[in-house]
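Summarising the annotation, TrEMBL assigns compositional bias 'Polar residues' to 829-838. Residues or ranges marked as domain 'Ig-like' in TrEMBL: 53-132, 155-230, 248-333, 338-422, 428-509, 518-612. Taken from TrEMBL, the feature domain 'Fibronectin type-III' applies to 619-717, 722-819, 824-918. Among the features that TrEMBL reports, region 'Disordered' is placed at 701-728, 819-852.
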Amino acid sequence: IYIYISNSSCLWSCMRVIGERCSPLSETIISAIILLFLSIESEEFGPVFMQEPDDVIFPLESDEKKVMMNCEARGNPPPTYSWFVNGTEVDAETDYRYNFIDGNLIITNASEITDFGKYQCKAENSYGIILSRDALLQFAYLGAFSAKTRGGVSVREGQGVVLMCTPPPHSPEIIYSWVFNEFPSFVAEDSRRFISQETGNLYISKVQRSDVGSYICLVKNTVTNARVLSPPTPLTLKTDGIMGEYEPKIEVHFPTSVLSAKGVTVRLECFALGNPVPTITWRKINGNIPKKARLRKSQAVLEIPNIQLEDSGTYECKAENPRGGTAFKGHLQVYTLPQWTRMINDTQMDSGEKLQWECKATGRPRPTYRWLRNGSPLTPQSRVEMLNGELTIHKVQQTDSGMYQCVAENKYGAIYSNAELKILASAPVFIPNPMRVIATLGKDVSLECKPRASPKPRITWKREDRRIQPSKRIMLLRNNTLRIVNSSRADEGNYVCRAENQFGSAEMTAMLWVKEAMRVELSPSRVEVTVGESVVLSCKATHDTSLDVAFQWLFNQKPINFQQDGGHFEYIQTQSSTVDLMIRSILLKHAGKYGCRAQTSADTVFAEAELLVRGPPGPPGVVIVEEITDTTATLSWTRGLDNHSPISTYNLQARSPFSLGWQTVRTDPDPVTGDMESAMAVELNPWVEYEFRVVASNAIGTGDPSSPSRSVRTKEAVPSVAPANVSGGNGRRHELVISWEPVSEEFQNGEGFGYIVAFRANGTRGWKEKMVTSADSTTYKYRDETFPPLTPFEVKVGVYNNKGDGPFSKVVTVYSAEGEPREAPSDVKASSISSSEIRVTWKPPNPGPGRPRGYEVSYWKEMEQEESGIKRRTAKNETSMVLTGLEGNSVYLITVKGFNSIGQGPASRPAACNIPIIFLRYFSGIATVENSRHVPL
């Protein structure tokens with residue numbers, strides 16, 4: 001809020017809404033605002049907690065040897081702090097391990113023996129004392145297992161066994177797992193094996209030979225993540241026979257009474273030994289197991305997350321096998337910490353009044369209440385009553401001032417609600433004083449008298465040293481305000497309010513001026529424009545020239561934000577008493593009522609004008625599909641706004657899963673005129689889901705579309721589109737392969753869509769037809785051993801669905817598959833080009849039905865079998881290849897055969913090639929020797 005002086009009789013305050021013009025306020029109001037800020041800044045109050053200590057679990061092995069318990073409070077004067085451990089005050093002066101930083105308690109070299117317990121922070125200033133909630137300090141650690149060797153366990157095969165973990169000292173909880181033989185081979189839990197997270201023991205309901213081995217218990221601290229391993233426990237089988245079948249025996253189960261806090265996850269364990277392996281089932285007595293519950297570890301654990309009061313009850317687990325069954329029951333009870341439903345608040349009262357505070361909390365068990373005053377228990381007295389969370393103090397006194405705390409607690413926790421009680425006692429004070437009031441001629445005016453005093457003072461009004469007597473025109477209201485009806489110039493002058501109580505008295509002077517009423521003219525009062533145009537509204541005020549006037553523009557009763565809407569609205573000050581509103585690039589949303597508010601320190605006047613905007617139509621109403629056929633849909637809708645220009649036509653649009661967004665559809669009638677509210681969309685595709693919408697147009701343009709209709713499917717019809725790009729060829733010997741592009745689902749026109757493949761050999765008359773039932777199929781293969789390779793066929797592909805057969809494609813010629821190559825390549829030659837490489841060349845076989853699509857070269861050493869040879873293929877129809885990675889001083893045999901999509905042709909006769917141990921290359925008379933120590937020249 002920005003405050004500045006305009007003239008001697010009027011102050012101004014800028015509104016917080018950006019773009020609003022300044023409004024004049026009386027000096028009285030401005031003085032009150034200044035006083036408010038000063039009083040807030042300087043107000044003194046008792047301590048209020050900003051942060052209370054939380055429970056802490058401190059790792060004993062931490063490198064940081066300091067524990068911090070947080071506490072922060074605000075107050076004026078600033079509070080001082082002290083701490084209590086298990087009810088005893090901490091003395092930081094005599095114990096060097098304790099240190100205070102602001103309100104925080106720092107404990108150096110903390111240990112479980114001396115520092116474990118409940119901590120409470122006390123904040124204090126001259127207005128009182130408050131105590132924080134209790135915070136528990138615990139220490140996390142994990143000891144080592146005893147190094148003593150553990151004895152082996154020997155059982156019969158089929159017998160049950162329990163391997164004890166016996167964990168070391170620890171805090172807080174630990175997680176158990178078991179290692180089998182060696183780390184990290186962990187025991188996998190199933191219906192036969194179970195690790196209890198309550199006892200840590202490993203339970204095997206029926207021992208098998210595969211269970212024989214060494215078992216090690218591994219425990220992990222949930223806070224420090226430290227892990228330790230127990231000594232191994234050997235498990236062996238007795239040799240005196242196999243254990244026979246026996247009924248289940250529950251070895252691990254949840255307690256008979258389980259207490260759990262609301263909102264946590266509860267785990268109930270139940271596992272039994274038995275042969276055969278028992279099956280575990282769960283039920284809730286007199287109720288159903290919560291739906292959110294989950295069964296874990298082959299049903300040995302019932303887990304209930306976010307447990308609530310209604311989940312309490314008796315739960316039963318049952319273990320059964322063919323030899324019998326047994327069960328265990330336990331009661332689950334959910335408790336809740338106290339939670340506030342009503343708290344106490346800071347209160348100021350006059351001396352002698354009655355204080356009534358009430359605090360209420362929920363919890364299970366039901367909380368009890370106690371009260372503290374300045375950190376000490378409050379006891380009943382003659383004036384003090386306490387009952388079920390209610391505190392009553394009769395005829396409060398100055399000594400009752402202080403900080404009060406209501407404590408709600410049950411055996412699971414306590415919560416605190418804090419408030420300050422101030423007892424007031426002061427002589428009357430007027431701020432501001434004097435008070436200037438400007439009224440409008442002929443209007444009512446109120447002169448307020450609101451002194452600060454305690455107790456409430458007696459009030460009298462005077463004018464010109466005469467006590468004012470109430471009349472029909474001058475009234476003294478119950479709140480001590482002096483009200484003058486139908487004010488006139490004769491009412492101008494000074495009015496004095498006197499306040500008095502037992503502590504003193506004070507007077508306030510109200511100076512009243514009466515001014516002529518202001519008039520405002522807004523022009524034009526009604527204007528019509530088209531979208532995109534601009535308009536200027538002018539506002540002129542006629543007022544008392546001794547007063548300054550401020551203006552504010554409103555749109556539909558709300559102030560215009562000129563910073564946010566500056567692209568369309570501009571505030572123009574033409575004269576001191578005249579302002580204009582420029583509205584540029586008008587949109588439909590700018591239609592409505594525009595108001596001009598003029599304000600002086602005497603009165604406020606308002607004038608309004610209407611702006612009508614012509615533009616494209618608004619969206620039509622709900623679109624309904626009245627009737628649907630295979631290719632048409634009858635639609636109806638309701639008219640939208642025409643925005644002051646008659647609707648000329650409607651455009652119907654449709655969208656399907658196959659269209660790119662919304663597409664205009666043909667209609668009947670065509671066009672759809674503006675006076676119509678129904679039409680038929682035609683030339684739709686059968687058996688396609690459509691959504692429809694309607695768009696209206698007028699002379700100015702096209703409006704926004706309606707909301708889409710519900711999705712509807714056109715009815716089925718016979719297919720009307722034949723497959724495209726029918727072709728074929730290739731395949732295996734004696735096969736005719738026919739291929740096509742599948743028909744899009746958009747044009748399948750119904751369910752049961754498939755293809756009819758028709759073909760006949762050139763020169764024959766009858767067609768062979770085959771049904772292909774898959775709509776996604778793209779090929780059909782027909783095999784006939786009598787087909788010669790590359791036999792020409794006439795082929796066409798048609799369509800059908802449940803409604804009947806559709807059209808066929810145009811007839812095309814497709815050849816049956818060619819045969820594999822029939823001749824071997826000729827003139828195969830092989831020559832060594834280095835001590836590890838051979839170049840092979842050949843000529844292709846004579847042209848024929850089995851043309852090669854490539855060649856396969858096989859090579860092997862002369863002393864080896866051809867089957868052990870290496871095969872390499874050419875990338876295309878190449879007639880040469882270089883073989884690499886060969887051994888020197890060796891003879892290789894090489895054959896070449898052609899291949900195509902049908903198969904391989906015959907191999908050529910083997911060609912032999914000798915690779916010498918030495919190979920010379922000559923470069924400018926220099927001999928290069930490879931793979932030899934001697935050079936014969």
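In case you wondered, yes, glycine gets a Cβ from its N, Cα and C as well.
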Distal contacts, the region 'Disordered' (819-852) - CB-CB under 8 A, six or more residues away: 733, 788-790, 859, 877, 879-888, 892, 894-900, 902-909, 911-919, 930-931
For the region 'Disordered' (701-728), distant same-chain residues with Cβ under 8 A (at least six beyond the ends): 531, 615-625, 628-631, 633, 635, 637, 640, 643, 651, 653, 655, 662, 684-695, 736-743, 747-751, 753, 755, 779, 795-810, 812, 814-815
Closest-packing stretch to the domain 'Ig-like' (338-422), where packing means Cβ pairs under 8 Å, from 53-132, 155-230, 428-509, 518-612: 53-132
The compositional bias 'Polar residues' (829-838) - residue tally per DSSP class, helix then strand then coil: 0 helix, 8 strand, 2 coil
DSSP residue counts for the domain 'Fibronectin type-III' (824-918), split into helix, strand and coil: 3 helix, 51 strand, 41 coil
The domain 'Ig-like' (248-333) - residue tally per DSSP class, helix then strand then coil: 3 helix, 53 strand, 30 coil
Summary of DSSP states over the domain 'Ig-like' (53-132), given as helix, strand and coil counts: 4 helix, 43 strand, 33 coil
